[in-house]
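**Q** The following block contains the structure, expressed as structure tokens.
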Amino acid sequence: MNWKRLAAFLGIVVIMFGVIAWSSPSLVKNMRLGLDLKGGFEVLYEASPLEGGEKVTPESLRKTASSLADRADKLGIAEPEVTTEGTNRIRVRLAGVSNEEEVRKVINKPVNLTFRDPDGKIMLNGNDFVQNAAKVEYDQVGNPIVTIKLKSAKKFEEVTTELTGKRLAIYLDEEQLSNPMVNYPISGGSAQITGDFTHDEANNLRDTINLGALSLKLTEKYTQSVGAKLGQQSLQDTVGAGLIGTAIVLLFLVILFRIPGVVAGITVLTYTWLLVLVFELLNATLTLPGIAAFVLGIGMAVDANIIMYERIKEEIRSGKSLLSSLKAGSKNSFRTIMDANITNIIASGVLYYIGNGAIRGFALTMIYSILVSIVTNIFLARLLIHLLIRSNLFTKPSYFGVKEAEIREL
């Protein structure tokens, strides 16, 4: 018996299991879940030009999507997903949202701050203000006011010079906030909104203004909501079904292939951990279709093991030694397994290219699964079986699921 080979096998397995046991709780806890698992909602908007505003272009669509993401961030929503689709659509996915109606109102609120002359002509609009322009300050007697910083002090001075002796009305959408008299040109580049505000009203006005104007008009075309309890139940049911199915398959492998079946169990466990690690490193979001691809990837990994082990059994039946059977079986199965993996990667790539949303998530998870399975179920599995055979502890063909009567003499 070669104790060094056996010790190497046990050392690799113990180290892998130790790392998996140590890191798994943190990986699972930090896993980003999609709205179908965590709860939340998804909205698809169709963009069109505002009256007198800019046209729908890739740039204006991107700016509007960025504004929506900023609004979600300001509401304290973790990792909002806002993407553009086609030439005039924006999809918003927000996970972990409990007050859906309130969030939807804020997300799509126009918030168009304008300064107008007595004839209603817009002199300044949202594009003239800096980001997070509004602040709450206090006048000489302690009343709250809202100040707004402009990008161009010169432009504001020109406007106030033109309107000296006239009123400059301040509107939020179509609601007039104040209508102050311009007594002299203002050169500081900062405007004030005064009124009979309470402290809370001033804060709300500041927050509303700081949401920023949207470059385009958005019309809701589609929406989907998932309750937190339903999402959690979906996660539990899917993971539970996957674990039960995987356990049954691994038990079948142990019965059919004996020692290689045990190695398959080790590699499948390692595969699962590595795939979760890949999701964590890439900061990817796990969705229900992603879990389906995850479980399907386990099935494909098991298929790769079965192909290799059957080829090894065929070589053992032909009368070759265990080591020769391992080398020949591994070589003969490698091309078949790689051809299948490459074909599946191409198919998943096509799905990712032409699909969107859930289809892309499924395709991307499939690609991750295939790449990880190449590492675990081809290279790792072969290394572990090689160490066991070279240890001379398992020398009988029956340890590999082959009966003595099935072996042919060379």
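Glycine residues also receive a Cβ, built from the backbone N, Cα and C atoms like all the rest.
In TrEMBL, annotation is done automatically, which means it is predicted and not curated.
Residues annotated as domain 'Protein translocase subunit SecDF P1' in TrEMBL: 64-119. Annotation source TrEMBL lists domain 'SecDF P1 head subdomain' at 121-215. Feature annotation from TrEMBL assigns domain 'Protein export membrane protein SecD/SecF C-terminal' to 220-388. According to TrEMBL, the feature transmembrane segment maps to 239-257, 333-354, 366-389.
In the displayed structure, how are the listed features positioned relative to their neighbours?
**A** Note: the domain 'SecDF P1 head subdomain' (121-215) comprises 25 helix, 34 strand, 36 coil (DSSP; helix = H, G, I, strand = E, B).
Counting only same-chain residues 6+ beyond the ends of the transmembrane segment (333-354), those with a CB under 8 A from a CB of the stretch are 300, 303-304, 307-308, 310-311, 360, 362-364, 366-367, 370-371, 373-374, 378.
Residues 5-6, 8-9, 12-13, 259-260, 263-264, 266-268, 270-271, 274-275, 278-279, 284, 293-294, 296-298, 300-301, 304-305, 308, 312, 322-323, 326, 330, 334, 337-338, 341, 344-345, 348-349, 351-352 of the same chain lie 6 or more positions beyond the ends of the transmembrane segment (366-389) yet place their CB under 8 Å from a CB of it.
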**Q** Short question: which residues 6 or more past the ends of the transmembrane segment (239-257) have a Cβ under 8 Å from it?
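**A** Residues 264-265, 268, 291, 294-295, 298-299, 302, 305-306, 309, 313, 400-401 contact the transmembrane segment (239-257) from elsewhere in the chain.
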**Q** The domain 'Protein translocase subunit SecDF P1' (64-119): mean pLDDT?
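**A** Averaged over the domain 'Protein translocase subunit SecDF P1' (64-119), the predicted model reaches a pLDDT of 78.
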**Q** Under the DSSP assignment, what numbers of helix, strand and coil residues are found in the domain 'Protein translocase subunit SecDF P1' (64-119)?
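**A** DSSP composition of the domain 'Protein translocase subunit SecDF P1' (64-119): 19 helix, 16 strand, 21 coil.
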